[in-house]
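Annotated in TrEMBL:
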DOMAIN    19-94  domain 'FHA'
DOMAIN    161-239  domain 'Protein kinase'
BINDING   Lys190  ATP binding site
Amino acid sequence: MAQDTESMSCERDGRIAELELGRRCQDDTETVPIYPESLLKYGRGDRIRQQHDQGYSRDHFEFYVITFDEYHPSLCYVRDRRSRNGIRVNGQHVGDPKRITPGHCLLDGDVITVPGQPSRDANVSEFIPCMTFHFKQDYVPLYVPSPIQQREMDFFAARFNVTDRALGNGAHARVLLAIEVATKRQMVCKIMNVDRLRMRVDGATTLRRWKQEIDIVKQLHHPNVISYVHAIYSPHTLW
């Protein structure tokens, strides 16, 4: 009943998401609210108090929030902070003892687990977690693909999963969060509506400029520039 009350109060107290935290050897769970300015750090001597468990690093991982503007819902991220054993997000290892990892954008239903003991192989996902976080966030999609775009997405679904999480938008393009199926790596997918573009007087010129932009990005290899992965052309959409 306590958890139901917590969920009902999400909108009233300004929280944008929740973490349901379960600990090893404890039956009860704890609801951790996330607010627009939240920065939740976990590590030995901080939020985690079981210092006898050598699976923890002193500064292990953190949850944080980014809000781009008032038109898009806040995005919640988790990242490892050079911990010894890293964390798991939906079973995938996240962590690098030499650097703070890039943030992993969380989606409703994601499960974050923390190893309870040192692991010699960071790629081994079989372990008994000492902490398990279930991420919960109500989200209303800001962009619904057209029937044609949905069929196009089905065509390359075995390689890329384009989610409904909007990262940005413009007059003729939308930016959504996508996931590479083979590696579970997150990426940005820009969707440009060619059908709508054709209704403009300068449509042909703009379409040519879009394709030139894709060709330029293909050639770029710089740590400060988003890496190009793939482009898909159709008579209706540029992906």
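If you go along the chain as it appears here, the first residue is 1 and each next one adds 1.
Placed from the backbone N, Cα and C atoms, the Cβ positions cover glycine too.
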### Query
For the domain 'FHA' (19-94), what is the mean per-residue pLDDT, to the nearest integer?
84
### Query
Taking DSSP states H, G and I as helix and E and B as strand, how many residues of the domain 'FHA' (19-94) are helix, strand and coil?
0 helix, 36 strand, 40 coil
